[in-house]
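Per Swiss-Prot, the feature ATP binding site maps to G170, D171, R172, Q173, T174, G175, K176, T177. What Swiss-Prot lists as site 'Required for activity' is S372.
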Amino acid sequence: MNKLAGAELSTLLEQRITNYYTKLQVDEIGRVVSVGDGIARVYGLNKIQAGEMVEFASGVKGMALNLENENVGIVIFGSDTAIKEGDIVKRTGSIVDVPVGKGMLGRVVDALGVPIDGKGALSAVERRRVEVKAPGIIARKSVHEPMQTGLKAVDSLVPIGRGQRELIIGDRQTGKTAIAIDTILNQKQINAQGTSDSEKLYCVYVAIGQKRSTVAQLVKILSEAGALEYSIIVAATASDPAPLQFLAPYSGCAMGEYFRDNGMHALIIYDDLSKQSVAYRQMSLLLRRPPGREAFPGDVFYLHSRLLERAAKMSDQTGAGSLTALPVIETQAGDVSAYIPTNVISITDGQIFLETELFYRGSRPAINVGLSVSRVGSAAQLKAMKQVCGSLKLELAQYREVAAFAQFGSDLDAATQYLLNRGARLTEILKQAQYSPIPIEKQIVVIYAAVKGYLDQIPVALITHYEQELLKSIDPGLLSAIVQQKNITEQISSQLATFCQKFTQSFLATHQS
């Protein structure tokens with residue numbers, strides 16, 4: 001009996017001993033040496049990684065940016081008022097990451113992915129690092145699908161493709177954000193028609209250093225138009241600390257990359273990167289990094305290049321997804337040759353240049369067609385659009401050239417007079433109201449009418465009215481034929497010509513009587 005008990009006891013002991021293990025949880029902690037202006041110097045975190053998230057005793061998070069011999073420079077993601085000298089700082093062991101996934105759509109979050117719209121916690125999300133390496137050359141494919149903005153001036157003259165990076169640059173109050181919002185609104189119809197995820201385009205809007213009222217207004221516009229359901233808004237407003245304004249674009253990019261890497265398409269708008277570079281300059285100077293040109297740190301180019309390189313069109317082997325970037329840069333008095341504007345122009349695949357003078361003259365969107373360019377977009381442009389707007393750019397360029405001389409002389413020859421008349425009408429037809437994007441097939445019809453000379457007899461003042469009436473009376477079958485064919489065949493061309501001819505005659509008859 002005792003013998004049996006002894007054997008049982010020994011096996012029981014053996015089991016217990018094998019199952020016994022000591023799991024030591026080691027927390028590496030440091031102490032705050034000094035704190036101020038959103039920067040904390042911490043002593044004792046010797047094994048910390050660059051870009052690692054830390055937690056202060058008050059619950060505020062921070063990120064290690066400067067790793068020095070004696071101490072670590074940490075930028076604080078929140079208010080530094082609750083942090084004092086001697087406070088304990090804990091390593092989290094993880095690099096800064098944010099929630100990503102389809103559960104983010106329709107939400108407004110801060111730079112760390114925390115919801116700020118009062119709609120409760122996020123659902124069905126995974127986490128992803130904010131700083132990842134951009135896809136390599138082999139993983140990419142050249143841009144070949146169009147990304148429609150719904151703006152006639154952009155889709156015809158500076159077309160954008162899925163996976164492209166197109167800079168929107170201009171002074172303050174020239175309509176930079178309006179172009180970005182119109183692009184988001186234009187995806188509503190495309191997403192509604194899209195049957196699969198490979199056709200839809202999800203949007204991420206990153207607001208950097210903007211007023212809270214501006215962001216609230218944007219949310220209102222998007223939700224009223226039903227565009228919030230396929231959009232994510234990342235907001236690091238003017239009242240947020242500089243580290244959050246610096247981080248927001250990377251967080252938004254990580255959210256967009258989720259779609260890109262899962263065979264879907266996304267568009268990300270950084271509004272604007274000038275404010276991000278100012279926030280980064282502030283952080284760098286406070287971290288005592290040496291200043292360079294315009295007091296920016298030496299790696300301010302890398303700040304933007306590593307962000308914008310993450311926008312890409314993926315190859316078929318890697319899922320054929322894409323991330324299109326529309327960075328916004330604000331210039332001072334139209335100075336495109338300043339440090340940050342030249343940097344971003346050299347990184348992107350083209351720019352849309354907006355001018356104050358054009359804006360006040362009533363040409364809105366105020367795009368300077370001469371200085372705006374799309375370096376890869378023409379490969380992605382619809383063949384039908386390419387066919388109608390081939391001569392548009394040339395005629396506008398000739399018009400600008402002649403218009404300068406026409407101010408001096410009154411007796412102009414017939415050819416010059418023709419160029420002036422045509423140019424004035426083409427300029428007028430490219431004007432468009434805010435928040436009213438036009439589907440690509442309707443744009444094609446309008447530009448076709450303008451380029452083929454049907455507007456030459458119409459008074460300039462009536463052109464907007466002509467355009468509205470034209471789009472109302474066109475046969476929907478003709479529009480759907482353009483969409484399906486993606487090409488203006490001889491049959492479509494003759495139908496368009498007949499329609500424009502008849503419509504122009506009836507329009508003139510009505511308005512001359």
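Glycine is treated like the rest: Cβ placed from N, Cα and C.
Structure with Swiss-Prot features highlighted.
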residue	record	Cβ contacts under 8 Å, 6 or more apart
G170	ATP binding site	K176, E330, T331, G334, F353, L354, E355, T356, A366
D171	ATP binding site	E330, T331, Q332, A333, G334, L354, E355, T356
R172	ATP binding site	E330
Q173	ATP binding site	T356, F359
T174	ATP binding site	L354, E355, T356, F359, A366
G175	ATP binding site	L354, F359, R364, P365, A366, Q434
T177	ATP binding site	L218, D271, V328
S372	site 'Required for activity'	L157, V158, G350, Q351, I352, F353
Legend entry - Assigned conformation of G170 (ATP binding site) - DSSP reduced to three states: strand
